[in-house]
Amino acid sequence: MSKPDEYLSSNSVPLPPQDADVLTTACDYCIVACGYKVYRWPVGKEGGAKASENALGADFPHQMMMGAWASPAQHNVVSYRDQPHHVVVIADKDATVVNPGGNHSIRGGTLAEKCYNPSNRTRERLQHPMIRVNGKLTPVSWDLATEVMADISQYIIAKYGEHAWAVKSHSYQYFENVYAITKLAMTSIGTPAFAWHDKCSATNDATGLDDAGIDSFASSYEDWADCEVAFLSGVDPYETKTTLFTSHMMPGDKKFVFVTPHMTMGVAWSVKAGRGLWLPIIPGTDTVLHMALARIIIENDWQDQPFIDKWIANSWEVDSGYGRGTRNTGWQWRTTWGTWQSDWQDYRKFILAQEESKLDVAAQITGLSADDIRTAAEWIAKPKADGSHPKTSFMCEKGNYWSNNYMNSASFASLGLICGSGNRKGRMISRGGGHQRGGLSAGGNSEWLSPEKYPGRRKKSFNLDLWLMEGNIRFAWVIGTTWVAAMMGSNALEAKMRSLTAESPHQIKSLDRAAIFETLKARVDSGGMVMANSDLYPVVPVGTDFADIVYPVASWGEDNFTRCNSERRLRLYSKFYDAPGEAKPDWWIVQKFAQKMGLDKDGGYSWKDSNDVFEEVARFSRDGVLNYHPLAEKAKASGIKAQELLRGYGTTGIQTPIRERGGELVGTVRLHDPDNDWGEIEGSTVHTKALVAFNTHSGKAILLKSPWQYAGWIQFYEAIKPRAAKGEVWVTNGRVNETWQSGFDDRRKPYLSQRWPEGFIFINPEDARKKGIESGDYVEVVNDTVYIQTGQPQGVLDADLTFNQLMADGHIKITTGRFKTIAVVSDEMRPGVCQANFNVPSSPANAVVSAVPDPMTNNYRYKLGRGVLNKVGESPYKHNFTQMSLKPRNIV
């Protein structure tokens, strides 16, 4: 008898008949977004083994690995129009972009298994709206759930103000949904209490790139194919952007410089192939590495001087376009403030004057070999025999900007710029990306109505975590995210949420609408909080323990949706089966609630389908790099729906921003490229400077300095480093290839849930030996000094938001954080550094990370956890090899 969750392999899959429905979509997971085809046909019918008898057009059996075939993980049975249907979801073998020939990752290779099927663990999907009665979630109607929420929301907004009504939301689950959510929160209600899933505030990620004038997703996949050297900071594209790496980066003979404390599979492969250099850096010290590399380049005159002369702003150009007004927004005052701003001459002097840029000093701070640093500088910048510079592209991700947010990303941008990268083929500077780009906001800018201020009383985005910890939120709607596990100081955040919700004496006792209102009114008036949660599955602990109202959400495959990947390629994600039960997409839920709130009097929430939302969003895309307005206008002129016009582009899609040339829609391969031929402006085309130049007033990039001793950084860094006397190690976190985000789908997929049934942490053998830890042991990680920022500190003087001053002013609280996980002991980790699995709700690694934002950006330093490792027993997987492989990841 097999266990309920045990993976049982199958050796057969039904073939789609010739008349099967064929729809296109893209992968729901990583930012690469490989193109897929969905074959759908009624149960009771199958195709034959001959090519003429099946929709795949192939003879079976065959031995073509990259040919047309489906594995058991690519098949499921779903409901379509209330009738059982087979679906096969396979990578598009005819694809010529993104995943040529049908290449894909293990994540995309199991897409079919995410579809709802009551015969497997997807039966755990939320299917009905629910209200928590006597501690138990009870199914109710959509009307009652939204009326209850509207009743208490109207009361809270009227008595406590819109800032007491909060939203914590995904930023990527399709244009239609994100637009609807932001329209409600930022425009209709106008609350500043809003934050994205991965941040405590509605901020940008790699702010240093933004300030330099570089769009985080300026590059195309062909740039990563065409470069001769890839400098990869805080990222292994194989693990997290698999097809970008295997289809576009591995072919050829390009070299790879990996800056990460973890030798993941991509790193190990490149080193073994003689094409890689691994720089196992101490977390948070990338800025010093960048300065040391820049110094070597400058001292040897390897910089791309013609590029610098043409494309780097001088001191006058840095200040151009501002007039006499207050530099109030972040990018304005940061790029015109002497600590960071520079031109080429000033930057050169700065680099040569920094003690930390000296090779021996940098090697000591970063923990790297001086020889390796020198080799990296040669690879990325040393001119060839003919005098030409290597075509180097620079990619950063979370290991870079989520450790020292502003300085790492700013110094990274400057390093790339002096190497002549940023706006030409094969020589780009970009993020690698995490999730796909499904965020288009309705605007409103209410997030700037924050009680906090940057130094000089400049406006600062709203810190939702801090606002909650201070007890200022009376209602919070959590949409598609694991708020607790994803944020810093997770244990303290969870405890505060629990005290405001589940531990309140005011709990719903019946489904009488009036009684519910009185109960929730009493709770909020006594300082408590009401919570609602929209998601696919019950989310620990927000949905399972705290939420008073829970909404079931329809997502990938259950409605027509749109979004872009990391090269801004827009595609339609086709609906191909029925959502379970009464589950509805976010846009529909928002609309239902808005109507109950009386916010639809102008017809602003009267969408009939997702296409209505898509067409409305189009005009809000016009001023950005995701502009698809010309497509919507062309569809309107042709008398068809915009989503249907996009459907015709299949898995190829079209790269935004979209423009018209000769009456045809044309995509944009890369941004900032002066070779982009825009010609005359046609139709609804919007021509912005960032398409042919850098995104600054002058169109030239800004070189940013990054002084290691900047008080806003160094004081925090010294406070949170591992303490040798306590036996602490760095505790960072990251992803592995097989899983996605919090594992919300993976836990319901038989093979993947068996491969990774629980959270895990990679530990170097030296660190494990000291604690008697072996692979398969349960380990508790404890940090007895987790710093939590409190209050709403006002920045007047430059020093006001530095760590020491916050501590002196009583704005830092000290707590303890801990999480339990399973050890994987391997030399793939640098000694003194452990890496826990990212965002596991039952094992939140962020519990040991301090919740003190970067004072320059208001972003957390997610990767800088620390803790003591304590063995607490053996897991059931230590001696049972049917589950959870404990093999290292640097085996290639």
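Glycine is treated like the rest: Cβ placed from N, Cα and C.
As recorded in Swiss-Prot, the features of this protein are as follows:
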| type | residues | note |
| --- | --- | --- |
| BINDING | Cys27, Cys30, Cys34 | [3Fe-4S] cluster binding site |
| COMPBIAS | 431-442 | compositional bias 'Gly residues' |
| REGION | 431-452 | region 'Disordered' |
| SITE | Ser105 | site 'Involved in charge transfer' |
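Annotated features taken from Swiss-Prot, shown on the structure.
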{"residue": "Cys27", "record": "[3Fe-4S] cluster binding site", "DSSP class": "coil"}
{"residue": "Cys34", "record": "[3Fe-4S] cluster binding site", "DSSP class": "coil"}
{"residue": "Ser105", "record": "site 'Involved in charge transfer'", "DSSP class": "coil"}
Using DSSP, tally how many residues of the region 'Disordered' (431-452) sit in helix, strand and coil. 3 helix, 3 strand, 16 coil
Taking only the Cα atoms, work out how far Cys27 ([3Fe-4S] cluster binding site) lies from Ser105 (site 'Involved in charge transfer'), in Å, as a whole number. 10
Excluding Cys27, Cys30, Cys34, which residues of the same chain place their Cβ within 8 Å of the centroid of the Cβ atoms of the recorded [3Fe-4S] cluster site? Ala26, Asp28, Tyr29, Ile31, Val32, Ala33, Asn99, His104, Ser105, Arg107, Gly108, Thr242, Thr243, Asn565
Around the Cβ of Cys30 ([3Fe-4S] cluster binding site), other Cβ atoms within 10 Å, all chains included, total 28
For the binding-site residues Cys27, Cys34, the one whose C-beta sees the most other C-beta atoms within 10 angstroms: Cys34
Taking the Cβ of Ser105 (site 'Involved in charge transfer') as the centre, how many other Cβ atoms fall within a 10 Å radius? 26
What is the separation, in Å, between the Cα atoms of Cys30 ([3Fe-4S] cluster binding site) and Ser105 (site 'Involved in charge transfer')? 9
Distance [Cα-Cα, Å, rounded] between Cys34 ([3Fe-4S] cluster binding site) and Ser105 (site 'Involved in charge transfer'): 9
